[in-house]
C-alpha cells in the first residue's frame with residue numbers, strides 16, 4: 001500500500017464564491033424537487049376532488065323531481081268505470097284497459113293550454129291510474145293530482161344555471177315562474193327515482209331495479225366466492241404439499257387476480273350462456289362470472305391472513321391432541337377471520353363496481369321492472385350508469401350522476417367497514 | 001459513583017489548540033422523551049485516531065452521529081448543547097448540513113455501497129459536490145481515493161463492475177474510498193469492522209493507520225483490542241455518559257474510574 | 001315443488017340426519033370398561049349429514065343445469081313447435097315468452113304461437129321436475145341410510161369426515177385451475193374457428209378493421225387488428241403512462257421521503273380511493289367532462305381541426321389518473337425495500353435529499369418500479385369501461401392523440417353486444433381479440449412479477 005505517493009490534497013475551500021453559488025443552486029434544486037412531489041400529490045388528490053364534486057353537484061338534483069298539479073275531473077272523463085267494478089278480481093285488467101293516458105293529456109291541455117302536454121312527463125298518467133287504484137271513489141269527483149313534470153319543466157325549475165340557453169328554454173323559464181306563482185308546481189325528493197326501474201323517459205327512471213339486480217348478483221357472488229376462496233386459501237396455506245400441482249394452483253390464482261375483467265366476461269359468455277344455456281342477462285350468470293373474478297382476491301387475502309397466525313398456536317393445539325381439521329376450525333380460522341373478511345369486502349366492492357364482464361353476458365338489456373329472482377333479466381348499478389350515460393335526452397345526465405352517487409356511497413360504506421374491521425381486529429403477534 | 005460523574009471527563013487529555021478539530025460541550029440527545037446522551041463534553045484532535053468504546057447501547061454510536069448531524073434524518077431525535085468544528089457551531093442555523101457532511105465523512109457499520117459501479121460509487125461525492133471540472137480530474141480523484149483506501153490494485157481492472165459484487169471487506173474499503181473522495185477533514189467510523197472477517201478487519205485497521213494524520217478519525221468499536229490497536233485516544237461511554245477519556249495506553253493500563261476498570265477487565269460488556 | 005325449495009328440504013333432512021346420528025352415537029357410549037368409541041358423536045352426525053346432502057345436492061345442481069335444455073328439446077319436439085318461424089331471434093323470443101307464461105310470471109300472451117307452446121312447456125317442466133325431485137330424494141335417503149347404518153362405536157367417523165374435508169379443500173383450490181383452463185379453452189376454441197375463416201396473418205398484421213360488413217351469409221368483413229393494437233398501446237401504454245408514471249412516482253417519493261407522518265397517513269388512503277372508484281364512473285367523467293374540454297382546447301387553442309370529441313387523449317388521461325395509485329403504491333413498496341443504510345450512506349456524504357432520491361434510491365428501486373409500471377400497463381390495456389365510454393369506435397391508425405382511436409377491449413364489447421349470431425365471424429373475432437389480450441397481459445404480469453421478485457430477493 002503506497003498511499004504516500006499522492007501528496008495530500010488541499011482541503012476543499014467551501015467559502016469560494018463558485019462553491020457557495022453551487023451549494024445555493026443545489027438547495028434550489030432540492031426545493032424544486034420537493035415542490036414537484038407535493039404538486040403530484042395535490043394534483044392526484046385534486047383530480048379526485050374534482051371528480052367527486054362534479055358528480056355530487058350534478059347528481060344531487062337527480063334525487064329530486066318537479067311535479068305539476070293536474071286538476072283531473074274523473075267524473076266527467078272518458079273513463080267509464082264505477083268504483084264498485086274495481087272491487088272485483090279483474091281490477092287490474094279493467095284499469096289497464098282504461099285510457100288514463102288520454103285523460104292526463106286532455107287535462108293538461110285544458111289546464112295549461114294547447115301545449116299543456118309538453119309540461120307533463122310521458123308517464124304522468126300512471127299516477128292517475130295508481131290514484132284510482134288506491135281510492136276508487138275518485139272516479140266520482142274531481143281531484144288535483146300531482147304528476148311528474150316533463151324534463152323541460154324540470155330544467156326550467158333549475159333556472160338559467162349552466163345550461164346552453166335557447167329561446168324555448170327562456171320561454172319555459174318564464175312559464176315556470178308563472179306556474180310557481182300559481183302554486184301549480186312543486187319540487188321535492190323523487191320517490192320515483194328511489195323506487196322504480198329503468199325507463200326511456202328520464203322523469204320516470206329509478207335505481208331500485210338496478211339496485212336489486214346488484215343485490216341479487218352480489219348474493220350469488222359472495223355465496224360462491226367466499227366459501228370456495230376461503231377453502232382454497234386454507235388448503236394452500238395449511239395442507240398443500242409442495243409439488244408441481246400446488247405450484248400450478250398458485251400460479252393460476254396469482255394470474256387470475258391480474259387477468260382483465262373483460263376476459264371473465266368472455267368466459268361467462270362462452271361457458272355459462274353458450275354451453276350451459278343459463279338465462280342471458282340474469283343475476284345468476286352475472287354472479288357466477290363475478291364470483292370467478294373475486295375468488296382469487298379472496299384466496300390471496302385469505303392466505304395472507306392465515307400466514308399471520310403464528311405456528312406456535314398450531315403446535316400448541318396439535319400438542320394437546322387436536323386433529324388437523326380441529327386445529328383449523330378451532331384456532332386458525334377464528335384468528336384469521338377478520339383478515340379474510342377484510343379481503344372479501346374489498347373483493348366484493350370491486351365486483352360491485354364492475355361493468356365490462358356483465359355487458360358481455362347481456363346484462364345491458366333494458367329492464368323496466370325490478371328482477372324478482374336470480375334467473376330474471378336484471379341489470380346492475382354500474383351497467384345502469386353506463387346505459388343512462390348513453391342516452392341522448394339531457395334529463396339523463398343528472399340521473400346518471402345520481403346513480404353514481406348511490407354506487408359510490410355503497411362502495412365507500414363497504415370500504416369503511418373493511419378498514420374498521422382491519423383496525424378493530426388487527427392482531428400483532 | 002456520583003463523584004465520577006461530577007469530575008470533568010476530559011481532564012486527562014490536553015489537546016494543543018492548533019490540532020484541535022472538534023469540540024463538544026454538554027451535549028444531550030433525546031429520542032422523543034427518552035434521553036440517549038447526557039452532558040457529553042469531548043475534544044477531538046486532528047492528528048490522532050480517537051476511539052469510542054463501551055457496552056452496546058451506551059450511546060457511543062448515537063453520539064458519533066451527532067458529529068455530522070446524521071441524527072437529523074431521525075425525525076424524533078433532538079440534540080442540545082454545543083458541537084464545534086474548527087470553532088463553528090455545527091448546530092447553528094447558519095451551518096449548512098451539506099457542507100458539514102462533506103467535511104465530516106462517515107463510514108457505517110455495515111458496508112453500504114450503492115448499487116452502482118465501483119467507479120460511480122467513488123465518483124458520487126465529487127460529482128454531487130462539484131469537486132472536479134473534467135472527466136480526467138474525476139478519474140484522478142477516483143484513482144487516488146481507491147489507492148488511499150488500499151483497494152486500487154484489487155479493482156483497477158473492473159471499475160465498471162457493481163460495487164455490491166465485491167467481498168464484504170472490499171465493500172467496506174470501497175465505502176472508505178467513497179468517503180475520502182470528497183476530501184473530508186474528519187472521518188467518523190461506526191463499528192466499521194463488525195460485519196467483517198478477521199482478515200478483512202486487519203486490512204481496515206491497517207488502512208486506518210495509513211489515513212491517520214491526514215484526517216481526524218473517530219472510530220466507534222465494541223472491541224477493546226481494536227481500540228487499543230488503532231487509536232491513540234480512547235473515550236469510554238456508559239449509559240449515555242462519557243465516563244473517561246484519555247490516552248489509549250493510559251486508559252487501558254491505568255483506568256481512573258471504577259466503571260472503566262470494570263469494563264476493560266471484563267466485569268460487564 | 002321447485003328445485004329451490006328442494007334444496008332447502010335436503011338441507012333440512014341433513015340436519016335431521018345429523019341430530020339422529022349424533023343421538024345414536026351418544027347412546028352407544030358404553031357404561032364401564034369397554035373401550036371408548038373412536039369418534040365424538042358430533043363426527044358421526046357430520047358423517048351422516050354429509051353423505052345425505054352431498055350426492056343429492058350434486059345431482060340437484062347438475063339437474064338444474066341440464067333441465068332447461070331438456071325442457072326446450074321436449075318443447076321443440078312437440079307438434080305445436082312445428083309452426084314456429086325459422087328465424088332465430090323470433091323463435092327465441094316466442095320460446096321465452098311461452099316459458100314465462102308457463103311458470104306464471106307473465107299473464108297475457110302477445111304471440112299466439114307462445115300460447116300454443118304453453119301446455120308443452122308445462123308438461124315438460126312437470127315431467128323433468130318430477131324426475132329431478134324423485135331422484136334427488138332417493139339419493140338423499142340412500143346416502144343417509146348407508147351412513148346411518150355405519151354408526152358404530154368402533155367406526156372412525158372423524159377420520160372419514162376429515163378426509164372428506166381435505167377433498168373439499170383440494171376441490172376448492174382446483175377451481176382456480178379450472179377457471180384458468182376454462183378461460184384458455186373458451187378463448188382458444190373460438191379463436192381456432194375464427195382463424196379457419198380469417199387468416200392469422202391478416203388478423204395480426206392487417207391494417208384495415210371493418211367487422212361490421214361481415215354477415216352470417218358469408219360476406220367477410222375486414223379483420224386487420226393493427227389499428228386496434230395501436231389504439232390500445234397509444235391510450236394504455238403511452239398516454240396513460242405519461243400521466244401515471246410521473247404523478248405516481250413523485251407522489252410516492254413525496255409521501256415516503258418528505259411528508260410528515262400525519263400528512264402521509266391522510267394522503268395515502270386518499271390516493272387509494274382513486275383506485276377504488278369504479279371504472280364506469282371514470283368513463284362517464286371522461287366522456288362528459290374531460291373529452292369536451294380536450295376537444296375545445298385542441299380546436300380553439302391548438303388549432304387542431306381534426307380533434308374528435310372521442311379523442312385518445314381524453315380516455316388516456318383519465319385512465320392515467322386511475323392508474324396513479326398502482327404506480328405509487330408499487331413505487332412506495334420498492335422505495336421502502338431499499339435498505340436505509342443506502343440512504344444514510346448518501347446523506348452522510350453531504351448529498352441533499354433530492355440528490356439521494358434521484359441518484360441512489362430511485363436507481364436502487366428501479367427494478368421494483370419497472371415491475372410496477374409493467375403491472376400498471378397490463379391493467380391499463382385490459383381496462384374496458386373508460387375506453388368504451390370515452391374513446392371511439394373508429395379504427396384509425398394515427399399518432400395524433402386528439403383524434404379518435406379504438407382499442408381491443410372496445411371492439412370486444414362492440415362485437416359482442418347487440419343482436420348477433422354466435423357463430424358469425426364478428427363474435428369469433430371478439431374471442432380472438434380476447435385471446436391476444438389475455439396472452440399479452442399474462443406475459444406482462446409474469447415478467448413484472450419475476451422482475452419484482454428478483455428485486456426483493458436482492459435486498460433480503
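Every residue gets a Cβ built from N, Cα and C, even glycine.
Unlike curated entries, TrEMBL annotations are predicted automatically.
TrEMBL lists transmembrane segment at one of the ranges C:127-152, C:387-412, namely C:127-152. Checked against TrEMBL, the range among C:203-227, C:428-452 recorded as transmembrane segment is C:428-452. Residues C:6-25 are the range that TrEMBL records as transmembrane segment, among C:6-25, C:26-45. Away from its own ends, the transmembrane segment (C:228-249) comes close to residues 209, 312-313, 315-317, 319-321, 323-328, 331, 362, 369, 373, 376-377, 380-381, 383, 387, 391, 395-397, 399, 401, 405-411, 433, 436 of its chain (Cβ-Cβ under 8 Å, at least six residues beyond either end). For the transmembrane segment (C:164-189), the list of distant contacts is 50, 431, 434-435, 438: same-chain residues at least six beyond its ends, Cβ to Cβ under 8 Å. Residues 37, 39, 41-42, 44-53, 56-57, 60, 132-133, 136, 140, 144, 147-148, 151, 157 of the same chain lie 6 or more positions beyond the ends of the transmembrane segment (C:6-25) yet place their CB under 8 Å from a CB of it. Between the transmembrane segment (C:127-152) and the transmembrane segment (C:270-293), fewer than three CB pairs separated by 6 or more residues in sequence fall under 8 Å, so the two stretches do not touch. Within the chain carrying the transmembrane segment (C:46-66), a Cβ under 8 angstroms from the stretch's Cβ atoms is held by residues 3, 6-7, 10-11, 13-15, 17-18, 20-21, 131-132, 135-137, 139-144, 146-148, 150-151, 157, 160-161, 164, all 6 or more beyond its ends.
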